[in-house]
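**Student:** OK, TrEMBL features for this one:
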type	residues	note
DOMAIN	281-447	domain 'Helicase ATP-binding'
BINDING	509, 512, 549, 552	Zn(2+) 1 binding site
BINDING	518, 521, 536, 539	Zn(2+) 2 binding site
DOMAIN	544-698	domain 'Helicase C-terminal'
Ligand SMILES: Nc1ncnc2c1ncn2[C@@H]1O[C@H](COP(=O)(O)OP(=O)(O)OP(=O)(O)O)[C@@H](O)[C@H]1O
Ligand SMILES: [Zn+2]
Ligand SMILES: [Zn+2]
């Protein structure tokens, strides 16, 4: 008897391990690793993934239950993915089932119906299957299940005479059109024609026409037109066997427009050198990780494109990851324009069905390249030759929910599995990656100049405290107003960036620029509106909002933040003639609106593009000559040790949107803290000095990359219960981790109450801590067996992106 090991879909089970099930004889030849099944569990029937098949089990035979249903006749997960899930589960302290579910498209988690499609001639099929395909090329899978024909079905699938598709039972249905396939058999058509009575004139006429088009697949409307006939006539001759309906699937095309083909550019020397290093690694099958550090507009994308070209030529597949917000049509079209139909695109803007279509193109190996957001790192290619993470510093590569994986780590894992290189690209690499490159763990590839040797834009810092002194209370400095005015006159375009991260959450003195900081930590206090207090979410320190500035005594104290809408109003007052496009969460809710706005701006239908984070990335329009940053400070004072790094990255990225073509660019950054090093280095657009300085700060405070961090969070509806269990956590960690690990807390979390739950946390800083994962696993086990019953929710986040 064959036994399957199944990872079942029950959450909160204390032991995360596979369960043994016997494989019914009828399914023995069908079940493979990576297939989903339904199995009895307790008194329910639940979903599971087959992760291993074996001949023996320790489960007593009378206790052993059989698999009830097989859901996938072809596995949805490869052996690689099953192995990856095991690794992820341990690295991220997640349930294996969550890891497996994260790897398949959501459509497969929805309700769907399976259909079997005829791919070749009926004659190639086993006798038992033939009757099903006499009148249609598409038959519900149920039929074969019902008639016990799964084994011949699988044979037909293996030999590629048949294929399977899952039709999602909701709006994401596979799109298909019904066509008419005219019989290939001339003689038969002739015979049908001759047997018809002379009164059936229309039918005879159609048959004559069909003889000239034997074997063709044509849309019915075209036949009516060509033969000047009606559906009734067509149906009549089809009844006689002259033709049959076929269904042709059209992949929903999320790109809408056709993309013009582009040629490869002649690389600059710097680009050439970088490409060569990657190509060498590919050719020698080396799983090397490259950090491609190139200033904005240096042509990193062109290197990706040519590296992918090489990868395809070697018969291999490439995965390109791009942060969700820069996954714009402008971005994806750059890939489509080179590789055309060989590209699949996966991002959250697609409907469930569209996403599933794209996934299937990958699963069925119909494409060679996938461009997508974080989860595309699980693209089920089996012959990966190259993995690229563009904007590698982006925090969105880390998933915030379980499984809390980082796409970079998964990419590197897969590169080892496939013995292929990884490129991490950025103009502003994360400190962690740059430190690794310095230590030669990653190979550094540098592009110091822009592709056409254009100068980087000139950056000016405007001190908003001075503006206030001059009596200018608006959010636009004189400099910026002048800048916009001259662009309007010259018919050039302006991008205005409103940094909304940390909106309204810190308190600042408008006269001296002082931001209220924690007494014990080098971090700004968070403003809590509900009780008008300032809090440190690292150590728990808190104080009321001061009425006068402790530094200069001024009473111009306010919490900071301005919305895009308000900026737009002010902008139209200042420049009534300007055409303004606003891009933020409100104007991009509707599907496709994001791309419509960009398209309009690219086509010169507006003078000013005003937006949030969304516009910081990927924009490559030649007519943008001015970039204005309205408030550089907002992201600077977030209570996060990465806030300086994030600010530097953001300012460098937005500045990089200006002057990318012939016309030189200018950048104006407005700030209340012009002396801050993140702003000063962003002005010079110097990465390395910023890196050195920020590394010093991190070193002094024992933060990454010198230390690793992990965050354990406990929440409960009752504040005291949450605090109590957080203390239990801290005690447990303290008694199980080495003295080298420091455990800070428990303290309240940044947002203390979320969805009516109180949250406490412990921060762990460590260097080498062999006991970390075992300790976390043990803590999880205690939680899952005991604490969970008390309504506690415990999460463990290793290398959190935000703390
Ligand atoms: N070798 C080349 N010759 C001519 N033009 C090039 C070359 N390489 C890139 N370009 C052009 O330079 C511009 C900037 O290139 P690209 O967008 O690839 O830079 P990037 O490094 O990805 O920029 P960013 O990080 O700012 O998004 C593009 O318009 C691109 O077409
Ligand atoms: Zn002050
Ligand atoms: Zn503090």
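Here the Cβ of each residue, glycine as well, is placed from N, Cα and C on the backbone.
Give me the lay of the land around each of these features.
**Tutor:** Its Cβ placed at the centre, residue 512 (Zn(2+) 1 binding site) has 15 other Cβ atoms within 10 Å.
Taking the Cβ of residue 536 (Zn(2+) 2 binding site) as centre and 10 Å as the limit, one finds 23 other Cβ atoms among all the protein chains shown.
For the domain 'Helicase C-terminal' (544-698), the model's pLDDT averages out at 85.
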**Student:** Looking only at C-alpha atoms, tell me how far residue 536 (Zn(2+) 2 binding site) is from residue 549 (Zn(2+) 1 binding site), rounded to the nearest Å.
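**Tutor:** Residue 549 (Zn(2+) 1 binding site) has its Cα 18 Å from the Cα of residue 536 (Zn(2+) 2 binding site).
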**Student:** Counting only other Cβ atoms and using a 10 Å cut-off, which of the binding-site residues 509, 518, 549, 552 scores lowest?
**Tutor:** 552
**Student:** Measuring Cβ to any atom of ligand 2 with a strict under-6 Å cutoff, which of the binding-site residues 518, 536, 549, 552 qualify?
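**Tutor:** Only 549, 552 qualify.
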**Student:** Using CB under 6 Å from any atom of ligand 3, narrow the binding-site residues 509, 512, 549, 552 to the ones that qualify.
**Tutor:** none
**Student:** Suppose the Zn(2+) 1 site is 509, 512, 549, 552. Which further residues of the same chain have a Cβ inside 8 angstroms of that site's Cβ centroid?
**Tutor:** 510, 511, 513, 514, 550, 551, 553, 554, 556, 557
**Student:** In whole Å, how far does the CA atom of residue 549 (Zn(2+) 1 binding site) lie from that of residue 518 (Zn(2+) 2 binding site)?
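**Tutor:** So the alpha carbons of residue 549 (Zn(2+) 1 binding site) and residue 518 (Zn(2+) 2 binding site) sit roughly 14 Å from each other.
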**Student:** Please report the Cα separation of residue 552 (Zn(2+) 1 binding site) and residue 518 (Zn(2+) 2 binding site) in Å, rounded to an integer.
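**Tutor:** Cα to Cα, residue 552 (Zn(2+) 1 binding site) and residue 518 (Zn(2+) 2 binding site) are separated by 18 Å.
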**Student:** How many Å separate the Cα atoms of residue 509 (Zn(2+) 1 binding site) and residue 518 (Zn(2+) 2 binding site)?
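**Tutor:** Roughly 15 Å, rounded to the nearest whole number.
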